[in-house]
Amino acid sequence: MVGGALQIAGLLVGGIGMIGTFAVTGMPQWRVSAFIENNIIVFETIWEGLWMHCIRQANIRMQCKVYDSVLALSPDLQASRGLMCAGSVLSFLAFVVAVIGMKCTRCVQSSWQAKGYIILTAGLLFILSGVVELIPVCWVANTIISDFYNPAVNVAQKRELGEALYLGWVAAFCLTAAGAIFCCFYRCCEKTRSYGYSAPTHYSADSQHLHGKTESSYSKSQYV
């Protein structure tokens, strides 16, 4: 009962992390224009994402344009494209593997060990996808903070952390937490299974010992 609830919780948390990863990959709010010094009063907001950049004017009109070339992006955004795509694929694969290995799926008792390995694989994939997503999010955030406090960078080119980065941290945490839940569930099941196997062995050994004592007592009574 507890194991089934633990698996469902891990699947829900992993699903939230997977959906968040998809959203972060497509959102344009990775880098947002900073309103500092001479840019305090402005009528437009600039968003820069992995696939497009958008200009929002006076909270009324917004125009988005897809990047003409990958080479037009900064190195951190270029690498983030590939890493976020890889993280999205890994999170989806982990979710599918977790559904296959869920305890509610029916299987014969002899395949329990194989299903345990499936659960472990899903947990490791969730953790890997969380780490892969965390790398580009932290990389872009570090670049934004470094340029913001760099006096050599023009004020008009300075950016702030966008909503996509905060959502990326949350999604990476959910994926890692889901992986930890599945790995802990596999560990607990292994301990339970090993204890279940050792109990009959101990009982059979005691039975043989008692049986040996009975035979020895019977042989002594014959000799007498």
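Think of each number as a place in line: the chain as shown, counted from 1.
Quick reminder: no glycine exception, Cβ is built from N, Cα and C everywhere.
What TrEMBL lists as transmembrane segment is 81-105 (among others).
The transmembrane segment annotation in TrEMBL covers 117-145 (among others). Here the transmembrane segment (117-145) has long-range neighbours at 7, 10, 14, 17-18, 21, 24, 30-31, 74, 76-77, 79-80, 83-84, 86-87, 90-91, 93-95, 97-98, 100-101, 159-161, 165, 168-169, 171-176, 178-183, 185-186, 189, meaning same-chain residues at least 6 beyond its ends whose C-beta is under 8 angstroms from one of its own.
Remote same-chain residues near the transmembrane segment (165-186) are listed as 3, 6-7, 9-11, 13-14, 16-21, 23-24, 27, 30, 91, 94, 98, 116, 119-120, 122-131, 133-134, 136-137, 140-141 (criterion: CB distance under 8 Å, separation of at least six residues from the stretch ends). Under the heading transmembrane segment, TrEMBL lists 165-186 (among others).
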